[in-house]
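Engineer: This is the structure I have questions about; it appears just below.
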Amino acid sequence: MKAVESNFDGLVGPTHNYSGLSVGNIASKSNQSGVSNPKQAVKQGLEKMKALHDMGFVQGVLAPQERPDIHTLRRLGFSGSDSEVLKKSYQYSPQLLAACSSASSMWTANAGTVSPSADTTDGKVHFTPANLINKFHRSIEDQVTGNILKATFSDEKHFVHHEALPHSDYFGDEGAANHTRFCREYGEQGVEFFVFGKSAFNESYLAPKKYPARQTLEASEAIARTHGLREQFTVFAQQNPDVIDRGVFHNDVIAVGNKNTLFCHQQAFLNQEKVKSDLCASYGSGFNVIEVPTDKVSVQDAVETYLFNSQLITKADGTTLIILPEHCRQNSRVWAYLNELIEQKRGIDELHTFDLKQSMQNGGGPACLRLRVVLNEAEQKAVNQHTLMSEELFTTLNLWADKHYRDRIEDKDLADSQLLVESRSALDELTQIMHLGSIYPFQK
């Protein structure tokens, strides 16, 4: 059966704001306390989804989290009505309210790790939500993320859903942002590539000194076991600790892969020559590494433009397209390198840029916004069809955003009880549009 690599992008939630919550993410911290535009953000995301749909790709939509997260604020000791909980939390700990109001679930590369049926011993697609324990504001996502994934991929004949790994630093897991897959054809056995920042149990591994390593070797190994992956087609590699300390908080900020191609920076991995050798050994002949030299693109330029936080996708005619943030065009060194790369015909054939300013200012580019899910024909039919991008869904979701989303949010607005009402109303309607059922705590 012919398989495709679909992309499921996260809808930006109604509380999209710039609270600078992500230590190690330079863009997030540098735009702290700025004024956000949730309506523009959700529409920018929808435009990208629609563009990929129009190019002929299978494009899905994943719902956002319920925010502000009143349930978590109550667990942390704030009581009274929902309005009082918001008021008290803003009065005593505005940082906590900001964390419980984050729309960071838009970056579905962190939603979880997905292994296609061609790679798993039981022949089913496996999903594990990421525990995201390194950042409090993201560590409260995995239960609802699991609900959203189950409502989107519900057929137990084809899909297996696991719980997130234990909420412990030993098993810190950041999902598909540290995972990619190489293959000849999407429906054939592939090589799954897990990248970690540190080992929790083995102190002989190097670790970054300035910023945290969010993914552990132990977490990556646990997911490979849970998904039933074949050892000879599974490769583990350590991210270069030095680039983590320079703002490369996930591997997808310094490398991206698709089919037979790894597009990475010269300084992406520790022992990079061995990593390339291991991948070539698992993949076999024809593996293509495009390694960007530091003298062409510095790590700083890579982080500032999100060159590698791009999408490498293969079109129906076999050509490879790279989806880039507009920031890449605006950097003369990066743009010159990319055009040189196209001219050299080394495996990337076309460039396509998108304006994702609202997401980029919070530290997330095109690759952050999507979760890749390889599906064969039967699995495609088993997906909740109301979550797949179409002309109708694009129009409906734009009208939905116009109805429910604000065009301006600053820190103090998070304490506004009306924002909670607006957010819940939006999500309640969204679950009906996308036939998701009662996936949110307020709907129980």
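In case you wondered, yes, glycine gets a Cβ from its N, Cα and C as well.
Straight from Swiss-Prot, here's the annotation block:
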BINDING   19-28, Asn110, 137-138, Arg214, Asp252, Asn362  substrate binding site
ACT_SITE  Glu174  active site
ACT_SITE  His250  active site
ACT_SITE  Cys368  active site, nucleophile
Engineer: Mind checking which of Arg138, His250 has the fewest other CB atoms within 10 A of its CB? They're the recorded positions.
Structural biologist: Arg138
Engineer: Consider the recorded positions Asn110, Arg138, Glu174, His250 and say which one has the Cα lying nearest the Cα of Cys368 (active site, nucleophile).
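Structural biologist: Among Asn110, Arg138, Glu174, His250, Asn110.
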Engineer: Can you check which residues sit near Asp252 (substrate binding site), meaning Cβ under 8 Å from its Cβ, same chain, 6 or more apart in sequence, and list them in order?
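Structural biologist: Listed in sequence order: Ala109, Ala176, Ala177, Asn178, Thr180, Phe308, Asn309, Ala367, Cys368.
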Engineer: Would you mind reading off the Cα separation of Asn110 (substrate binding site) from Glu174 (active site), to the nearest angstrom?
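Structural biologist: That separation, Cα to Cα, works out to 5 Å.
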Engineer: Select the most exposed residue of Ser19, Asn110, where exposure means the fewest other Cβ atoms within 10 Å, treating these as the binding-site residues.
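Structural biologist: So among Ser19, Asn110, the binding-site residues given, the one with the fewest Cβ atoms within 10 Å is Ser19.
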Engineer: For the active-site residues Glu174, Cys368, which Cβ has the most other Cβ atoms within 10 Å, all shown protein chains included?
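Structural biologist: Ranked by Cβ atoms within 10 Å, first place goes to Glu174.
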